[in-house]
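Working notes for the structure below.
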Amino acid sequence: MDSFKGGMNLERLPESLRPQPSHDMATSFHLQRSSEARDPMDNSASESSDTEIAEKERTGEPKGEDGNGDDPSKKKKQRRQRTHFTSQQLQELEATFQRNRYPDMSMREEIAVWTNLTEARVRVWFKNRRAKWRKRERNQQMDLCKNGYVPQFSGLMQPYDEMYAGYPYNNWATKSLTPAPLSTKSFTFFNSMSPLSSQSMFSGPSSISSMSMPSSMGHSAVPGMANSSLNNINNLNNISGSSLNSAMSSTGCPYGPPGSPYTVYRDTCNSSLASLRLKSKQHSTFGYSSLQSPASSLNACQYNS
């Protein structure tokens, strides 16, 4: 047996008949035991996670890293306390707003000292006040545009005439916007005009009607009108007698006679007494030809004398 065992060569046996080493069997047995032990642990862990998720969904807890939801008091915003202004503070603020709608830092600090407020509160008040003023201006312009009138000076509109009406600084709303009545003025041109010239200037329709008057109706008006025309011509001759005599005795002048600049206001009367008498005898219609003023008959040299 020993010889047989000693003489027996294991290398000549096939691999299937060879005995396996003992350490390989131990490792395989250990791996099998570890896999069997791992499976129930994994199953228990998955079951515990599923139960935790179901409980969280049932209770309505938000899912987070720590499993704890945020504090609801932190989510709610803290409401700022409103500032209640007194009537004196509002009076100072409104008076400043009417003077300047965009005060700088120094002015806001002064207002804060006057009104016993902080500069931040004054700044916020002016910001809100400007927003209200712009909204009111916009509404007024829309109303005026609907009525068919577009204001050209919208910036001159005063804001909020119904607010703080009892204060003295807001008296602009009670002031009358109507202009002062036109005072009686003395016009030297019309006062210096003679009744004849004023009658001749503003009696166009009457003269036209007299010209279109039939000859049968004009007989009674001939003597009176002829006498008034004669008196006017005599007055003009007396006034311009001295100037005409000096013009006749003066030497010749190279300049031509100047034109009268006031041709519109020339007196319309008859040129001579003879033509008036002739027309009055013939009972013709009355047409007044223009009579040159005494100054127009003088030449340029006689103006200097």
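Including glycine, each Cβ sits where the backbone N, Cα and C put it.
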I'm validating the feature mapping. Which of 5-18, 19-32, 257-270, 271-284 is tagged motif 'OAR' in Swiss-Prot? 271-284
Could you count the residues of the DNA-binding region (78-137) that DSSP puts in helix, in strand and in coil? 43 helix, 0 strand, 17 coil
Predicted model, mean pLDDT over the motif 'Nuclear localization signal' (284-288): 49
